[in-house]
Amino acid sequence: MTLQKIVSSLTLVLMVTSAAIGGTLQYGYNLAIMNSPTIFIQTFINETFLERWDIQLEDYQVTLVWTIIVSIFSLGGFAGALIAGPMTIHFGRKKCLLLNNIFLMAGALLALTSRAAKSFEMIIISRALVGINSGISMNVQPMYFGESAPKHLRGALSSSSAVFAAFGVALGQVVGLREILGSEPCWQYLLASNAIPGLMQLLTLPWFPESPRYLLIDRGDKEACINALRRLRGCEVQSSELDEILQEQAETKGMRPRRPWELFTDRSVRWQLISVMIISSAMQLCGNDSIYFYASYVFREAGISDDKIQYITIGTGSCEFTASIICNLLIERKGRRFMLMGGYIFMTIWAVVFTIALLFEHYVSWMPYLSMACIFTYILSFGLGPAGVSVVLPTELFNQTARPAASMIAGSMMWLNLFIIGMIFPFLVSELREYCFVPFGAVCLLSALYVGLFLPETKGKSLSAITSDFHKLNFKGQDAKCASQTKAQYQLGEVCLSTAL
């Protein structure tokens, strides 16, 4: 390997690291850090009400305010997903990630000063702003990676977003230990500690190139695109790669960026849209991320003593982090469908075993440990497939004009379902008790069936090849003559031309 190639490989790795540290790492980190200070913030809420209005809140009232603090993160993420598309179109992928830190820094400042100001409302606003930051990152970062990666590494680079999200969870759990920042005097510093990765991104990401596809297709700057490709590939740009980008530019010439509602009425992207909506929703409806919101709650129900819970929760984050790395290594070998379907099948199995373990935990002494093992294997299965593959699909299934809108829809579904699950999860646990994971197991089984029946494999395929696979689903039953006449000119975002044209 030449020195130039080594430098370019290092450039690609450092670019991914810089973007992800202030990107999807923030999503995982901000999920995890809310678990440790639960009791301290609830006490702070109660004391604030008592000092302001001389009102002693009931337990359920404190829980309600706490649930709002936790769930507002999801609503912020939903808002971030909605504005991510327009931001990427106007500012580009890299600049969008940099500007996104405005929300993060504002949120960190509010969290840091909330205790001194004796305002739990500042925590709520802070969590909403941090949610917006995470919502934008979860949409833009996989798009940035997918558009910058060579075709044979596209899945691995895009799925690295999930690796950093899982690393953020593990990091947040470690920083949230009582021995570090998870203690009563330090919880405000814990909530504001997310500013450090954001600062690291601000200092490093400007040195790396913009997405080559954005530079050529959106801005029409061929020279800048070639320079970016040279920096990322470390050699003369291969004509095949540049031709593919030029072909996509020609196909989308004169087409403005698509709006989300336009995709719903376009038959040519019907099954692509259905696929990303189902997979993005299943990613949250499977209940995996809610375990991080309410990890203590789940382990307590599994029979684990309170003094051991904070250390066991670190294992959950480490488990998903390890699984995400394995997924990242396997995704280009085994393919998207295999990893996604396999992950959901295993999650279904472990949900059933977990339910059985909870039913017999009062009758068999070692059942609580089986329950705990099921949570770990459930998270492990999630990391092996759904966590990594779900973020790749919007990048691979849509062309440049439709990709931002598709990412907005996928992100919106993810965050909206995270909010719903975050709100109802504690009630599911308290009402269904031993059967609390039955709904999640059903979601996983249905998701595995959908992937197996309807989702084509996209590994190593060009956009035109993926388009052709979905064309058969989108226009199933159409006259063969129409299909043959439009095959050469059909692209995502265009309607099937009639024979009359």
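Just so it is clear, glycine is given a Cβ too, placed from its N, Cα and C backbone atoms.
The domain 'Major facilitator superfamily (MFS) profile' annotation in TrEMBL covers 16-459.
Annotated transmembrane segment per TrEMBL: 64-85 (among others), in sequence order. Counting same-chain residues at least six beyond the ends of the transmembrane segment (64-85), those with a Cβ under 8 angstroms from any Cβ of the stretch are 27, 30-31, 34, 38, 41-42, 45, 57, 96, 103, 120, 123-124, 127-140, 257, 260, 293, 404-405, 407-408, 410-412, 414-416, 418-419, 422-423, 426.
Taken from TrEMBL, the feature transmembrane segment covers 97-117 (among others).
The annotation transmembrane segment is assigned in TrEMBL to 309-331 (among others). Counting same-chain residues at least six beyond the ends of the transmembrane segment (309-331), those with a Cβ under 8 angstroms from any Cβ of the stretch are 28, 32, 35-36, 155-156, 159-160, 162-163, 165-167, 169-174, 176-178, 182, 288, 291-292, 295-296, 299-300, 339, 372, 375-376, 379-385, 387-389, 392, 459.
If you look up TrEMBL, you'll see 338-360 (among others) marked as transmembrane segment.
Per TrEMBL, the feature transmembrane segment maps to 366-393 (among others).
Same-chain neighbours of the transmembrane segment (405-429): 63, 67, 70-71, 73-75, 77-78, 80-82, 84-85, 88, 131, 135, 138-140, 142-143, 257-260, 262-263, 269, 272-273, 276-277, 279-281, 283-285, 287, 289-290, 293-294, 297-298, 301, 390, 393-395, 397-398, 436, 439, counting only residues six or more beyond its ends whose CB sits under 8 Å from a CB of the stretch. For 405-429 (among others), the entry in TrEMBL reads transmembrane segment.
According to TrEMBL, the transmembrane segment annotation covers 435-455 (among others).
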Apart from its near flanks, which chain residues at least 6 from the ends of the transmembrane segment (435-455) lie with a Cβ under 8 angstroms of it?
271, 274-275, 278-279, 282, 285-287, 301, 336-337, 340-341, 344-345, 347-348, 351-352, 354-355, 358, 378, 386, 428-429, 473
Give the nonlocal contacts of the transmembrane segment (97-117) in its own chain as ranges (CB under 8 Å, at least six residues past its ends).
19, 22-23, 26, 44, 80, 87, 91, 123, 125-130, 132-133, 136-137, 140-141, 144, 187-189, 191-195, 198-199, 201-202, 205-206
